[in-house]
Amino acid sequence: MSIETISLSGRKKEVSNKKMTFLESLYLVAIVKGLFITIKHLFTRKVTIKYPEQVRPMSPVYRGQHMLMRDDEGRERCTACGLCALSCPAEAITMKAEERKPDEKHLYREEKYASIYEINMLRCIFCGLCEEACPKQAIYLTTSKKIVKADYDRGEFIYGKDKLVMPLEQALNNTKLKTAN
Amino acid sequence: MDSTIIIEKGIFIVIIFAITMLMAMYSTLAERKVAAWLQDRIGPNRAGKGGILQPLADGLKLFSKEEFLPDTPNKFLFVVGPAISMSVALMTSAVIPWGDKLHLFGRDIILQATDIDVSILYIFGVLSVGVYGIMIGGWASNNKFSLMSAMRAASQMISYEVAMGLSIIALLMMEGTLSLREISANQSGMHWNVFYQPIGFIIFLVCSFAETNRTPFDLAECEAELIGGYHTEYSSMRMGFYLFAEYASMFISSTILAVLYFGGYNYPGMEWAVENWGVNPANVIGIVVLFIKICFFIFFFMWVRWTIPRFRYDQLMRLGWKILIPLAIANIVVTGVVILLFDS
């Protein structure tokens, strides 16, 4: 078989440059065929998703806004080891560690915690390496199911713990669901 | 001429004007909706229920835009251009018979603004003035692209007017009259001209696409080559007038197609309806039927726009001069022979 006739996709079509017949040169048949193709689309199901009312379902492996997780008792899992910041190829994560006081045991799981934890969402490339690096399963990009929103101010894109940490109610709800099962 | 006829005609003209504007307005919405539906989308649906207020929002937006005048030596012509386009698009509706007649307040009201006996000639005359609106606008814009676009539009419209006129001649030979009212009346029952003049109808249809500068013949607005075409330099409501005039002339073209070839206000069983239901209900149905036909043709204009890509300029000229005009002349000859042989 010569190289010209091979068609790996099976959809190869020979292009012919033959002269059109009189009927073809009037274009009328082709135009009517085209009109039927378009009118068929008038009755097909519309693919539009009416965005604010209707949200596209996210893929289970979609990587969106980060979330700092809480454990079953609602304590923050993060121990401020800095591995996420180290693994981040975009240098988007910064944090400041602090020692846990005895009366803060119900707030933080480990003896050391992050008092400041910031991710610069303009730098972040949502690669998920921080999630892979985390030894405490504290940071996830899949659980928030949120897209980072647009804003007018660059400063607004540095997300602190107020936006990143999982809400307490959500953590308690998760626990309730787990014990129910 | 008594004063009642002036009042009657005045009211009638105002109603026609309002309807033409309304149809043109909602054609813009229909265009976007049809485009969306043919492409499996939904289309504008935020302004009002199902987007019903979208034309008002568009108009409001155009009004609030900055009115920009380019540095042109002829500001007067720049302003006159869109005005000519708009008024020409509206003038044609004066001779269209919208229905047969209504019997109101003890008198017969003819549903036509003026019944002149050369209404087809009038329509052709007014249509050929339409090219001045585009030409003057393109010229006064002081922009090479606008001028080229205007030249294209002018030569296209002049070329296709020839074929259009020739395709009409065969129809006039059959009808023996230039009055749209009589042509409408002759098509009563199912004697629609499209059955007797199918080739003439197709030529007329193609030419009316070219005359209204609609796809596939919208070379005047060919974005890839000419930016926006003759209205590149226009903004605000002047631009709105050009766009609006296109839709108004699309409405008028659809009306002419319906009146000349698809029986106008006639529908099967109209005589029966006049006898049994009275003059008024039968004629109101007639008006509704005419508008259904018009809406079908407007839809057809849009349907074609979202089906066929734009012609190349040389293809356009070849189609006009080498195919449509000979075809129209052959149609005249065949019609003449048939009339001679069978119409004693």
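Heads up, the Cβ atoms here are built off N, Cα and C, so glycines get one too.
Under the DSSP three-state reduction, A:C134 ([4Fe-4S] cluster 1 binding site) is assigned to coil, being neither helix nor strand. For A:C134 ([4Fe-4S] cluster 1 binding site), other Cβ atoms within 10 Å of its Cβ number 20. If you look up TrEMBL, you'll see A:C78, A:C81, A:C84, A:C134 marked as [4Fe-4S] cluster 1 binding site.
Around A:C88 ([4Fe-4S] cluster 2 binding site), taking its Cβ as the centre, 20 other Cβ atoms fall within 10 Å, counting all chains. Feature annotation from TrEMBL assigns [4Fe-4S] cluster 2 binding site to A:C88, A:C124, A:C127, A:C130.
The domain '4Fe-4S ferredoxin-type' annotation in TrEMBL covers A:67-98 (among others). Same-chain residues lying 6+ beyond the ends of the domain '4Fe-4S ferredoxin-type' (A:67-98) with a Cβ under 8 Å from its Cβ atoms: 106-121, 123-125, 127, 129-130, 132-141, 143-144, 161, 164-166, 168, 171-172, 174-175, 178.
Positions annotated as domain '4Fe-4S ferredoxin-type' by TrEMBL: A:115-144 (among others). Mean pLDDT of the predicted structure over the domain '4Fe-4S ferredoxin-type' (A:115-144): 90.
Marked as transmembrane segment by TrEMBL: A:21-43. Nonlocal intrachain contacts for the transmembrane segment (A:21-43), taken as residues 6+ away from its ends with a CB within less than 8 angstroms of a stretch CB, are lacking entirely.
Candidate binding-site residues: A:C78, A:C81, A:C134. Nearest to A:C88 ([4Fe-4S] cluster 2 binding site) by Cα distance: A:C134. Around A:C78 ([4Fe-4S] cluster 1 binding site), the C-beta neighbours below 8 angstroms that are at least 6 residues distant in the chain are A:L68, A:E110, A:Y113, A:A114, A:Y117, A:K136, A:A138, A:I139.
The binding-site residues under consideration are A:C81, A:C84, A:C127, A:C130. Their Cβ neighbour counts within 10 Å are lowest for A:C127.
The binding-site residues listed here (A:C124, A:C127, A:C130) include A:C130 as those with a Cα within 10 A of the Cα of A:C84 ([4Fe-4S] cluster 1 binding site). For A:C81 ([4Fe-4S] cluster 1 binding site), the nearest of the binding-site residues A:C124, A:C127, A:C130 in terms of C-alpha separation is A:C130.
A:C134 ([4Fe-4S] cluster 1 binding site) is 16 Å away from A:C124 ([4Fe-4S] cluster 2 binding site) when you measure Cα to Cα.
With DSSP classes pooled into helix, strand and coil, the tally for the domain '4Fe-4S ferredoxin-type' (A:67-98) is 5 helix, 10 strand, 17 coil.
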